[in-house]
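Annotated in Swiss-Prot:
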REGION    1-229  region 'Pyrophosphorylase'
BINDING   8-11, LYS22, GLN72, 77-78, GLY139, GLU154, ASN169, ASN227, ARG332, LYS350, TYR365, ASN376  UDP-N-acetyl-alpha-D-glucosamine binding site
BINDING   ASP102, ASN227  Mg(2+) binding site
REGION    230-250  region 'Linker'
REGION    251-459  region 'N-acetyltransferase'
ACT_SITE  HIS362  active site, proton acceptor
BINDING   ALA379, ASN385, TYR386, SER404, ALA422, ARG439  acetyl-CoA binding site
Amino acid sequence: MSNFAIXLAAGKGTRMKSDLPKVLHKVAGIPMLEYVXRSVGAIXPXKTVTVVGHKAELVEEVLTGQTEFVTQSEQLGTGHAVMMTEPILEGLSGHTLVIAGDTPLITGESLKNLIDFHINHKNVATILTAETDNPFGYGRIVRNDNAEXLRIVEQKDATDFEKQIKEINTGTYVFDNERLFEALKNINTNNAQGEYYITDVIGIFRETGEKVGAYTLKDFDESLGVNDRVALATAESVMRRRINHKHMVNGVSFVNPEATYIDIDVEIAPEVQIEANVTLKGQTKIGAETVLTNGTYVVDSTIGAGAVITNSMIEESSVADGVTVGPYAHIRPNSSLGAQVHIGNFVEVKGSSIGENTKAGHLTYIGNCEVGSNVNFGAGTITVNYDGKNKYKTVIGDNVFVGSNSTIIAPVXLGDNSLVGAGSTITKDVPADAIAIGRGRQINKDEYATRLPHHPKNQ
């Protein structure tokens, strides 16, 4: 029989106090709903249907191509949301997973175990439960003397005795698909919220003598539903611990994992060393034996093997093997650094390609440049790429030496093996093998300093 999945993602999430739909708030780099979609993939569903509502177009954009969508125009409860999938799923034979889109910590392994438990026990419905010492706010699992699940009671509808129960409903279920849609026709809104509860389906199955089971999570953290910013921060913390643990098991060294922030899709090779306060975001890839020191921040970039990045920022760029960057350098988007390049302190590179073994040791701006190999930038070199309206390109050949405090005004090209004298302003192309000097001649005026008021003779 086939597996199906329904993801509930229609709610606004009022307690988040945000214009963004709740399920689109990010945890470790991706929306919560994306985590749910990835975990659901573990059960290999033949059909996945996502129920959208508030700002549906934003939610659909995140899961385009991964699911079918139905709209819940009025948020009338979880049962009502599942009813919206009827045109797609009703009448199909199989097992249907129902899961909330705000549960980013649930793992694919747990969902696979839930489905297997449901099938092996021949249940018509299976509730995914968890145990906690602080069950406030959760629906409680009410069992009979034989430990069979009888019903789920929501917090607002629970008696004082039921509120003491520590086994809680995680909001995730598996149902016999055909029986699910039959039972949904018999639920009503006679409850404190005036909504259609998916949990009422469990009571219907019990009344008809059908088998209802409960599978308990091994890790309570997986049950976390994010309803406010406090829970979002908790989910972020748990996910980052998982991520860092995975990398450590794979051979990455962390000086202080609790102070290191790595997004879920970052790839890190073995033997990388990561100091505290390092942030790696997006689709970043780090090569083997690279060192990332305190304060380094890398976004959507590829860093090769054996690089050393010292307290610097790299954005949407590629850094080859053996490169050294920093401290206090900034590699801005669309830049590429060739092997063994050195970018030193207070150097900014933007939209530029830099060839192998080139060095810019300090206080340099390289913008919109194509730089060859074995180039040396003296301290204080500026490539002037903007005239107030347009950006222009500078092309610098191989083995070029640029003296300190030089200004290179684009568009201009410096030929191979050329040299720019210190303090020059370059406005014209420099031929290969030439020396360019663009500064005023030095003039010494003898004894002139004696006329100045600060001279010792005038004190």
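Every residue, even glycine, has its Cβ placed from backbone N, Cα and C.
Taking the features listed in Swiss-Prot, we show where each one sits on the structure.
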{"residue": "ALA10", "record": "UDP-N-acetyl-alpha-D-glucosamine binding site", "DSSP class": "coil"}
{"residue": "GLY77", "record": "UDP-N-acetyl-alpha-D-glucosamine binding site", "DSSP class": "coil"}
{"residue": "ASP102", "record": "Mg(2+) binding site", "DSSP class": "coil"}
{"residue": "ASN169", "record": "UDP-N-acetyl-alpha-D-glucosamine binding site", "DSSP class": "strand"}
{"residue": "ASN227", "record": "Mg(2+) binding site", "DSSP class": "coil"}
{"residue": "ASN385", "record": "acetyl-CoA binding site", "DSSP class": "coil"}
{"residue": "SER404", "record": "acetyl-CoA binding site", "DSSP class": "coil"}
{"residue": "ALA422", "record": "acetyl-CoA binding site", "DSSP class": "coil"}
{"residue": "ARG439", "record": "acetyl-CoA binding site", "DSSP class": "coil"}
Secondary structure at HIS362 (active site, proton acceptor), reduced by DSSP to three states: strand
Among ALA379, ASN385, TYR386, SER404, ALA422, ARG439, the record's acetyl-CoA binders - longest CA distance, Å: 22
Cβ contacts under 8 Å made by the region 'Linker' (230-250) with residues that lie 6+ beyond its boundaries: 16, 25, 27-28, 32, 104-105, 221, 224, 257-258, 260-264, 266, 268, 270
Least Cβ-crowded entry, counting other Cβ within 10 Å, from the recorded positions listed as LYS22, ARG332, HIS362, ARG439: ARG439
Among LYS22, GLY139, ASN227, TYR365, which are recorded as binding-site residues, the nearest neighbour of ASN385 (acetyl-CoA binding site) by Cα: TYR365
Distance check against LEU8 (UDP-N-acetyl-alpha-D-glucosamine binding site) for the recorded positions ASP102, ASN227, HIS362, TYR386, SER404, keeping those with Cα within 10 Å: ASP102
Arithmetic mean of per-residue pLDDT over the region 'N-acetyltransferase' (251-459): 98
Spatial neighbour of ALA10 (UDP-N-acetyl-alpha-D-glucosamine binding site) that is closest, considering only the binding-site residues ASP102, ALA379, SER404, ALA422, ARG439 and their CA atoms: ASP102
By Cα-Cα distance, the member of binding-site residues ASN227, ALA379, TYR386, SER404, ARG439 nearest ARG332 (UDP-N-acetyl-alpha-D-glucosamine binding site): TYR386
Densest Cβ neighbourhood among ALA10, ALA379 (binding-site residues), 10 Å radius: ALA10
Which same-chain residues, if any, lie at least 6 apart from ASN227 (Mg(2+) binding site) yet have Cβ under 8 Å of it: GLY13, ARG15, MET16, LYS22, ASP102
Chain-internal residues near TYR365 (UDP-N-acetyl-alpha-D-glucosamine binding site), provided their CB is under 8 angstroms and they sit 6+ positions away: VAL347, GLU348, LYS350, THR381, ILE382, THR383
Where ARG332 (UDP-N-acetyl-alpha-D-glucosamine binding site) sits in the secondary structure, as DSSP reduces it to three classes: coil
When distances run from the Cα of GLY77 (UDP-N-acetyl-alpha-D-glucosamine binding site) to each of the recorded positions HIS362, ALA379, ALA422, ARG439, the nearest one: HIS362
Fewest other C-beta atoms within 10 angstroms, as judged across ASN169, ASN385, SER404, which are the binding-site residues: SER404
Most Cβ neighbours inside 10 Å, all chains, among the binding-site residues LEU8, ALA422: LEU8
